[in-house]
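Novice: Would you mind keeping the following structure in view while I ask a few things?
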Amino acid sequence: MSKEKFERTKPHVNVGTIGHVDHGKTTLTAAITKIMSKAHGGEFKDYSDIDNAPEERERGITISTAHVEYESEARHYAHVDCPGHADYVKNMITGAAQMDGAIIVIAATDGPMAQTREHILLSKQVGVPYIIVYMNKADMVDDEELVELVELEIRELLDEYDFPGDDTPVIFGSALKALEDDTSDIGVPSIIKLVEALDTYIPTPKRDTDKLFLMPIEDVFSISGRGTVVTGRIEAGIVNVGDELEIVGIKDTQTTTCTGVEMFRKLLDSGEAGDNVGVLLRGTKREEVERGQVLAKPGSIKPHSKFEAEVYILSKDEGGRHTPFFNNYRPQFYFRTTDVTGACQLPDGVEMVMPGDNVKMQVELLSPIAMEDGLRFAIREGGRTVGAGVVSKVAD
């Protein structure tokens, strides 16, 4: 009997819970898995399963994250929940858990708090495109007016960070009651409503193969009689033999043509996202291309040397620096396949950055790199990772 192939018929979407400590993120995550597993199969994860999240290392940074999955009528969801505030900061900056949308959990008893604000700002900086609000602990508030005030406050807060406050779904309920199988409006029905909001408010993300072609160049060879071959893993899109392409980054942008795609020593007509390939380029000399550049669809990506970034600096325990750094700090920035030196400008009023901090900074690289908002990078000193960051805005 051959093994049954895993059939994924439903589109896949990545989400997560964010919000202030003790507002009920983990209880909500448990409630969703319980109610959805009853309706559509899957596994119920209780609070302690999720709360004792294993530590993972992403780019040398220790992050505790719980991964759960569940299905709705229309989709398959992968959902991340982090036990501690620091884990969220690291997770969002490194992109260890890239979210197509986030559920921000706010206790109706408290309203938005410091970390609520910080998580919304981080979501904006790292490019989380959609936020849905679950107003939790509804069983502990009797005052209708208070609830309306909290809702108004959260909508204004979303507006402040350029999320559409007026259009954002706000679901009112009690994750604890739902977990206890309470069937009143604030119990199980509030979870069903929340998942319906996920289904309708967060668009199905584009698959990598539907995006514009991009391949970071890892190596360059010259094959006598055939020309120059660049190798790498295709990050997005599809490349076909005959396509015109651009080589972007480090030097001036050049145009070239793909005359062959090779994988596992076989010649193909095309290569797609996820494939490790060699791409044969016509009219491009070996010395004109180098590791760190990208091969891309013409006009799809530009080289930049100045950008604004959100950065997490590793703590000493994570193997990072032992001392703070100051304005004009000049480490290497590792983008995709290569290191480029850059200078850091700290925000006004920030004198220094300590290991374990997260900070917004302006960076100017010595040579330009193909980049767009949302690109992740590592910060290194002599090959050792000391930080992680994400481009929040290209500048030049």
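From the backbone N, Cα and C atoms, a Cβ is placed for every residue, glycine too.
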Novice: Region 'G2' per Swiss-Prot: which of the ranges 60-64, 75-79, 110-114 is that?
Specialist: 60-64
Novice: Among 19-26, 283-290, 299-306, where does Swiss-Prot put the label region 'G1'?
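Specialist: Going through 19-26, 283-290, 299-306 one by one, Swiss-Prot flags 19-26 as region 'G1'.
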Novice: Given 136-139, 256-259, 384-387, which one carries Swiss-Prot's region 'G4' label?
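Specialist: Matching range for region 'G4': 136-139.
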Novice: Out of Lys25, His85, which of the binding-site residues is least crowded by other Cβ atoms within 10 Å?
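Specialist: Candidates: the binding-site residues Lys25, His85. Fewest Cβ atoms within 10 Å: His85.
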Novice: Tell me the Cβ neighbour count for Gly19 (GTP binding site), meaning other Cβ atoms within 10 Å of its Cβ, over all protein chains shown.
Specialist: 26
Novice: If one measures from the C-alpha of Gly19 (GTP binding site) to the C-alpha of Thr26 (Mg(2+) binding site), what distance in angstrom results, rounded to a whole number?
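Specialist: Pair distance, Cα basis, whole Å: 10 Å.
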Novice: Show which residues of the chain containing Asp22 (GTP binding site), separated from it by at least 6 in sequence, have their CB under 8 Å from its CB.
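Specialist: Spatial neighbours, sequence-distant, of Asp22 (GTP binding site): Ala107.
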